[in-house]
Amino acid sequence: MSRKDTVVLGVIGADVHAVGNRILEMSLRQAGFKVVNLGVMVSQEEFINAAIESDAAAILVSSLYGHGELDCRGLRDKCRESGIGEILLYVGGNLVVGKRTFAEVERLFRDMGFDRVYPPGTLPEVAIADLKRDLGL
Amino acid sequence: MSLQDRKWEIERFFQERTEVLAAWPSGRGVDLEEALAYHRGLPKEKVAYYKLLKGQAEGRIYLQPRAGVALIDEHIALLRSLEKEGEADFLPTTVDSYTRQNRYSEAARGIKESKAADRSLLNGLPAVNYGVKNCRRIIEATGVPVQVRHGTPDARLLAEITLAAGFTDFEGGGISYNIPYAKDVPLERSLLHWQYVDRLCGFYAEHGIIINREMFGPLTGTLVPPFISHVVGIIEALLAAGQGVKSIAIGYGQGGNLIQDAAALRTLARLGRSYLDRFGYSDVLLTTVFHQWMGGFPQEEPRALGVIAWGAATAALAGANKVIVKTPHEAMGVPSLEANLAGLLCTRQVLRMLAEQRVPETPELAEEESVIEREVREVFDRVLELGEGDLAVGTVRAFEAGVLDIPFAPSRAARGGIMPVRDASGAIRLLDTGNIPLSAEIKDFHRKKIEERGRQEKREPGLRMVIDDIYAISKGRLVGKPR
């Protein structure tokens, strides 16, 4: 049974956008979560290893630079292979290249196995409220 | 440390070069003799250096968009439209983020999947994968200078390939393309790798081909006080000149307060020139680049165009040699052609309307300029002192000590000890000066300005205020009001 108050946070792939990552970390801590913040340029394997080591209840993936589609593909499968197939997966940011409707983007990432998908500019409060609901906190 | 601010012997350069070109198969396609011959045959209007020289003499402000997609035919079509319909004076080739981290196999996968999906899955052109021949098609298909824009700590192979292809303008520097763009790259290493790039440009210059080198002014694009980007830009300019670069552009990212931005642009040109002259580089052409707002944008396109227009107005009133234009899709990620055209046309309209006007010479402007000049001098002197006269060594030591620091940087090479915040009028100040060696008088100036805002908003300046500032423009204001 994973620890409901622990989440893993990071910016996936070759992305170096650090500002939102810092704000999210501060907001999650203020809301009472234990945060394993992997910072920028995090690989799928690093997310999963950190989640296993910290016994986390959720992995929160950010992507701001457009490669999110390539970087996130296969993450759910890798979680399953690593024995944490049921972990909550959230993703948010500027997830794709080019202007596409958010409904389209949401479907794309839900099909990849993400539980929640957020558009750019989402305030931390929104994701935190969802997280509490999903974890029954 | 093998890093020194001294021009590399050409033998050292060629020794390292063998290894650089072997890093990816396309490196074999680089032939310097052939490249020099190709550059000699380029018409002057396609050469960045000549165009900048001419523009500076005529007092023109050039416009340049950002653009780059995974597939080269689409990339060329995109650039041609930006030139024809957008009247871009300089064209970009923005390089994708895998290439920026030297992950060429992942870039190859991006090309393949983009072909299969018939749309770009990469946020730029993977120029190394395409190699000299393909990249040259970009130069052949366009009529204005094309610049390589990226964010690569180790851009040695990228520079070899794109310059050999006929690009005449290359952005980046050992600080500005490391600290905001990487996590684990030691500063000494990125400075050495950028000395290589500059030495390559120096080699071209020795053979009569002047490549323009542009330093990336906005850094993290998030509440960076002008003096910090000024010091970084000046250091990078001096290090580049030290390797034989003859044309240098230094940049500044819009903060949002007109007086501070005008003071920043005017001091950037003056200080840059005076430091280059002082170090014996009077023969180097120096130009300035202004970046429209680099932080978070509003979602709605008309609001975003408002932000863009304000940047255009600032550039027109304060003066710059070139403006890097944003697009109304900024909040949504990588922009479409239409969005890029909208940004260009909006900016051009404002620039032309304000062409006859200048920011008035007021006591406020004079004070702001004198503060920036003092800040730059105080920090620069300490960097040089730390390096015992060697600027490159001093830069590494200064970042280690936090004497040089950049807010919100992802890199471990920055100490992250400073915290910026806006004052009551939206100018960017330092709430926490960390280890930056500013005089008591300057620290006082920052403190008083921030206290004034605290009184107006009836709250203690702190992290909450900083976060409000970071979100402010995307929520419709410059100064983040209490929520």
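Quick reminder: no glycine exception, Cβ is built from N, Cα and C everywhere.
For A:A14, A:D15, A:V16, A:H17, A:A18, A:S62, A:S63, A:L64, A:N94, A:L95, A:V96, A:V97, A:G98, the entry in TrEMBL reads adenosylcob(III)alamin binding site. The DSSP secondary structure for A:S63 (adenosylcob(III)alamin binding site) is strand.
The domain 'B12-binding' annotation in TrEMBL covers A:4-137. Confidence over the domain 'B12-binding' (A:4-137), given as mean pLDDT on the 0 to 100 scale, stands at 94.
Candidate binding-site residues A:V16, A:S63, A:N94, A:V96 yield A:V16, A:N94, A:V96 as lying near chain B, with Cβ-Cβ distance under 8 angstroms.
DSSP assigns A:V96 (adenosylcob(III)alamin binding site) to coil in the three-state reduction, placing it in neither a helix nor a strand. Largest Cα to Cα distance within the recorded adenosylcob(III)alamin binders A:A14, A:D15, A:V16, A:H17, A:A18, A:S62, A:S63, A:L64, A:N94, A:L95, A:V96, A:V97, A:G98: about 22 Å as a whole number. According to DSSP, the domain 'B12-binding' (A:4-137) comprises 57 helix, 31 strand, 46 coil. Taking a C-beta cut-off of under 8 angstroms and a sequence separation of 6 or more, A:V96 (adenosylcob(III)alamin binding site) has the following same-chain neighbours: A:G66, A:G68, A:E69, A:V105, A:L108.
Summary: among the binding-site residues (A:A14, A:V16, A:A18), the fewest other C-beta atoms within 10 A of the C-beta are counted at A:A18.
Neighbours of A:G98 (adenosylcob(III)alamin binding site), defined as other CB atoms within 10 A of its CB across all chains, total 17.
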